[in-house]
Each structure stands twice: as structure tokens, then as C-alpha cells.
Amino acid sequence: MPVVSRVVRSPWFRLGALLAVLAAAAGSLLLWSPTELLRDGVPIPVFLLVYAVATLAFVPKPALNGAAGAVLGTAQGVPVAVAATTLGALLGFWLGRALGRDAVRPLLRGKLAAALDRRLSEHGFRSMLLVRVVPGVPFQAANYAAAFSEVRVLPYTVATALGVAPGTAAYVIAGASAGQPSSPAFLISAAVIVLMCLFTLVSAWRAYRRSRRRPATAALPDEAPVLTAVPSTGP
């Protein structure tokens with residue numbers, strides 16, 4: 001039993017369990033597609049759960065949001081998509097805390113990783129809100145980064161819901177009005193999406209230039225957009 005207990009408590013075992021859960025989430029989408037469920041008229045709570053699982057499986061959120069708009073329309077699609085996105089963020093957060101936190105934390109070395117942890121711990125709401133508002137920051141990466149920090153659940157949840165609302169609404173409205181590409185609703189939502197993409201490119205370029213000046217950032221290139229944006233929210 002002591003051997004089994006040590007294995008179960010091993011960080012590598014927990015990380016493997018987290019990867020297994022993500023693989024199972026991806027496999028479940030072969031059986032249940034969020035878009036097909038909506039078209040089949042399933043209850044909204046079922047769609048919320050499947051949508052949340054889809055985000056765990058790294059299904060692109062714009063596709064899910066556009067589908068929600070196309071099937072549900074704007075009035076119902078926006079709140080449903082925001083709620084589903086927030087639920088998916090919570091699932092990723094809880095999974096990271098329950099299974100992967102101890103496994104990944106020892107791997108998060110370096111000054112910038114420590115800065116991210118400190119910012120999310122001390123300024124959880126503001127930092128998380130910025131991460132959600134800035135386009136281009138990987139959704140699940142932000143979930144797990146928050147899970148590995150000391151940010152509390154309530155600020156994380158509220159900041160996520162508020163931060164994802166503008167981008168989610170734009171994609172839902174675009175999906176709902178895609179049949180009328182000359183309509184004001186579609187043109188405005190498309191313009192917002194283009195602006196978000198441009199902002200992402202500018203943010204990525206600035207992060208790249210900063211990484212060239214700071215060797216520590218170059219050691220963690222995948223996290224550069226998050227790590228360079230979050231510290232700017234401090235007092």
C-alpha cells in the first residue's frame with residue numbers, strides 16, 4: 001500500500017491523469033457534437049456541459065460560439081455561450097488544481113513564471129480580466145496558469161465571464177447573421193473580430209520584441225503573451 005500511495009501522489013501520476021482526462025474529453029466529442037446537439041433540440045444545460053467539455057478538448061471557441069449563434073440566435077446564443085465558456089474555464093481550473101498543479105508547479109521555474117504566479121495571486125481579478133480580454137491568449141493555457149497560481153475561484157470566475165463576453169458576443173452575432181452578410185449586425189461583428197485579430201498580432205509582436213530584450217522571457221516562449229501582458233495591471 002505505501003508503494004501504491006506514493007505512486008498515486010506522484011506529480012507525474014497526476015499529470016498523466018490530467019492528460020488522460022483531456023484525451024477522454026476529446027474522444028467524447030466524436031460521439032456528441034455541440035452543434036448537432038443544438039440542432040437536435042437538446043436541453044440547454046446539456047449543451048452547456050458538452051460545450052465545456054469541448055473547450056477542455058481544445059476545440060476552438062470561435063467555432064463553438066458561431067455555431068451557438070447560428071442555431072440559437074443572438075438573444076439566446078450570447079448568454080448561453082458566455083455561460084458555457086465560463087463553465088469550461090471552471091472545469092479546466094478545477095482539473096488543474098485537482099490533478100496537475102503539483103505536477104506542473106515544479107516545472108514552472110524562472111523569474112517570469114514566478115511573476116505570473118505572484119500577479120495572479122495578488123491581483124487575481126484584474127490580471128485574469130486582462131488575460132481574458134486580450135485576444136490570442138490560449139484559453140486552456142490561461143485556465144491552467146490560474147490553477148497553478150494562488151488566485152481564488154470567485155475572482156477567477158467573475159473575471160472570466162466579464163472578459164470573454166465581448167469576443168464571445170462578436171462571434172455569436174456573426175454566426176447568427178451569417179446568412180445576411182450585408183446586414184449591419186454581421187458587418188459590425190466582423191469588424192470587431194478583425195480588430196481583435198489585429199490587436200492579437202500587435203500584442204504578439206510586442207511580446208516578441210520584449211522577449212528579445214529579456215532572456216528569461218525567451219526561455220518560456222509559449223507563455224510570452226500572458227507573461228508580458230499580466231504584469232502591466234499592477235499598481
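Positions of Cβ are set from backbone N, Cα and C atoms, glycine also.
TrEMBL labels come from automatic prediction, so no person has curated them.
Listed in TrEMBL:
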- 12-32: transmembrane segment (TRANSMEM)
- 44-60: transmembrane segment (TRANSMEM)
- 59-176: domain 'VTT' (DOMAIN)
- 80-99: transmembrane segment (TRANSMEM)
- 153-174: transmembrane segment (TRANSMEM)
- 186-205: transmembrane segment (TRANSMEM)
Original post:
Which residues, given as numbers and ranges, are at least 6 beyond the ends of the transmembrane segment (153-174) yet have a Cβ under 8 Å from it?
Top reply: 61-62, 65-66, 68-69, 74, 77-78, 81-83, 85-86, 89-90, 93, 124-126, 128-133, 135, 146, 185-186, 188-190, 192-193, 196
**OP:** Work out, from DSSP, the number of helix, strand and coil residues along the domain 'VTT' (59-176).
**Re:** 101 helix, 0 strand, 17 coil
Subject >> Stretch-averaged pLDDT - the domain 'VTT' (59-176) >> reply: 81
